[in-house]
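What follows is a single structure, written as structure tokens, with notes after it.
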Amino acid sequence: MEDMTVEVRGSNGAFYKGFVKDVHEDSLTVVFENNWQPERQVPFDEVRMPPLPDIKKEITEGDEVEVYSRANDQEPCGWWLAKVRMMKGEFYVIEYAACDATYNEIVTFERLRPVNQNKTVTKNSFFKCTVDVPEDLRESCSNENVHKEFKKAVGACRVYFHAETNQLIILSACESTVKRVNILSDMHLRSIRTKLMLMSRNEEATKHLECTKQLASAFHEEFIVREDLMGLAIGTHGSNIQQARKVPGITAIELDEDSGTFRIYGESAEAVKKARSYLEFVEDFIQVPRNLVGKVIGKNGKVIQEIVDKSGVVRVRIEGDNETKLPREDGMVPFVFVGTKENIGNVQVLLEYHIAYLKEVEQLRMERLQIDEQLRQIGMGFRPSSSRGTEKEKGYATDESTASSVRGSRSYSGRGRGRRGPNYTSGYGTNSELSNPSETESERKEELSDWSLAGEDERESRQQRDSRRRPGGRGRSGSAGRGRGGSRGGKSSISSVLKDPDSNPYSLLDNTESDQTADTDASESHHNTNRRRRSRRRRTDEDSSLMDGMTESDNASVNENGLDDSEQKPQRRNRSRRRRFRGQAEDRQPVTVADYISRAESQSRQRNLPKETLAKGKKEKVKDVIEEHGPSEKVINGPRASSADKASNPQTASTERNQASCQDGSKQEAIMNGVS
């Protein structure tokens, strides 16, 4: 403000020092030194510029000078006009010209100066410029020290901010200042803004330094977050940091972005830990068994998505087999989770529980499979279907152990049409004494081995025929049904004729056609039958049994027609095949009434035989039974064939036996048990 110093003439004629604050059309706003007078506007003709400071002081006696003095103690000093009367050394005797009465005073050389030759100021003595200040810079522009460099650059006398007009005022005594202001005003405002920002940062740094000094003795924690997780820790627009700062008791949170270090300061350890839980993001992995990966993920990722939602983790990733970043155990697949430490702990609990649950379910499933396997193995013991092929290959050589194992604990004695009870008397006159336990056991062996060796289709057709011939149900000893131990209707069977020779033999011819029709129809229905019921098929009267074969011919196996009985009725193993071709055999050998009459006479002769003959016949019958179940089979009146040959080609063997029996019966007469 010294550059705008002026001298204002007072009422007493002295000039007092003042400062120009503003320039008007015809006056100046002047502020006096030390404010001994209030600020006021002074006309141009009462204001002059001070003399230059480098003027040489050459004062001699009689020169007019100006003395820096005051009239009284209440007024400040001013320049008064005077005249030098005498000088002695450094002291001068002056006489004031302003006063009417002469007033002399002795002064030193420092209080004297030559008379100021400057005239009063005019309108063109000062130049004024104004610059509009933005709102954000008004506060900073109020400080005159901010414009120090600008003032020096433009050559202004004074630069200050006017609060009423919000303008920056530049005052100068040079006209060139106006041009410079127009050039530098924008740059000056921009520099003010930059300096303001820097100053604000410095102030924050100063405050932070003070806070750091205060918090040095308080609670604080420091942790590092990985660079790739820094974005998650900061959050969207710094949401996580703001949330952590809102925790009660948190005083400051610092972040070093270069190293990824967070520093949290708080009033208590609990507040610091809570704020840390919001900011500390980590990555961790959990090993999952490979066989449970699919179940952990779930269909369309439903299970793993539920785990992620409940735990709060940010993301999950399954480590591939080709990736080797994480340590991997044998048979395990790493699941990588990203989130806060609390979220990682939650997902670990959920995943471990789910894996334990899956293992328990798998263990229960394996136990169920073991139980099912044991049940399947136990069930196979009652089903000899798996050994069916081997039994077919064995033929008639099935031993007693095999038969008993197939038969199991089930007893077949006394059941079925072909089974004879202990009190059964054959129609051929054989009483119960002839059927001993050995014969019954042999009969069981033969039936089981023959039945297991028969084909599936033969069993079904045989079962169908049996079911077709049971119109009366399964009552016990019923006359019209198939009861246990009962016959199949005595009027239509050969056994009924043999039992009662005196009856009408022509009644059999009436029922032959219906019997054949029943056999034919039975093969076309009832295909779905039970395996066990098939294995216990009841023997029909047409099926020859061991006991029937022994009692029908006590003397020999040759009937009255000259045919070998053992070859006319081959082994029961080929029973189904024999029935299949029975129509052809019946065409070759039709049944006549004479056959039944001759058979009845033979039966009557057998009843009249002596006891010795019967005993001899009994021994021969036992011998035949042993030969039939032995390794080699001996045919008395027919061609010899092994069991394997019969099993391999039963159809051919049956046909050959029928032909051979016809030839042998016509050429020679066999003798057995002494009876021709």
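In case you wondered, yes, glycine gets a Cβ from its N, Cα and C as well.
Feature annotation from Swiss-Prot assigns domain 'Agenet-like 1' to 4-50; the stated evidence is sequence analysis.
The domain 'Agenet-like 2' annotation in Swiss-Prot covers 63-115.
Helix, strand and coil residue tallies for the region 'CC1 domain' (201-208), in that order: 8 helix, 0 strand, 0 coil [DSSP]. Annotated region 'CC1 domain' per Swiss-Prot: 201-208, in sequence order.
Across the region 'CC2 domain' (353-379), DSSP assigns 27 helix, 0 strand, 0 coil. Taken from Swiss-Prot, the feature region 'CC2 domain' covers 353-379.
Under the heading region 'Disordered', Swiss-Prot lists 380-676.
The annotation compositional bias 'Low complexity' is assigned in Swiss-Prot to 404-414.
Swiss-Prot lists 423-439 (among others) with the feature compositional bias 'Polar residues'.
According to Swiss-Prot, the feature region 'RNA-binding RGG-box' maps to 471-486. As a whole-number mean, the pLDDT of the region 'RNA-binding RGG-box' (471-486) in this prediction is 42.
Feature annotation from Swiss-Prot assigns compositional bias 'Gly residues' to 474-489.
Residues or ranges marked as compositional bias 'Basic residues' in Swiss-Prot: 528-538 (among others).
What Swiss-Prot records for 571-582 (among others) is compositional bias 'Basic residues'.
Under the heading compositional bias 'Basic and acidic residues', Swiss-Prot lists 609-632.
What Swiss-Prot records for 645-665 (among others) is compositional bias 'Polar residues'.
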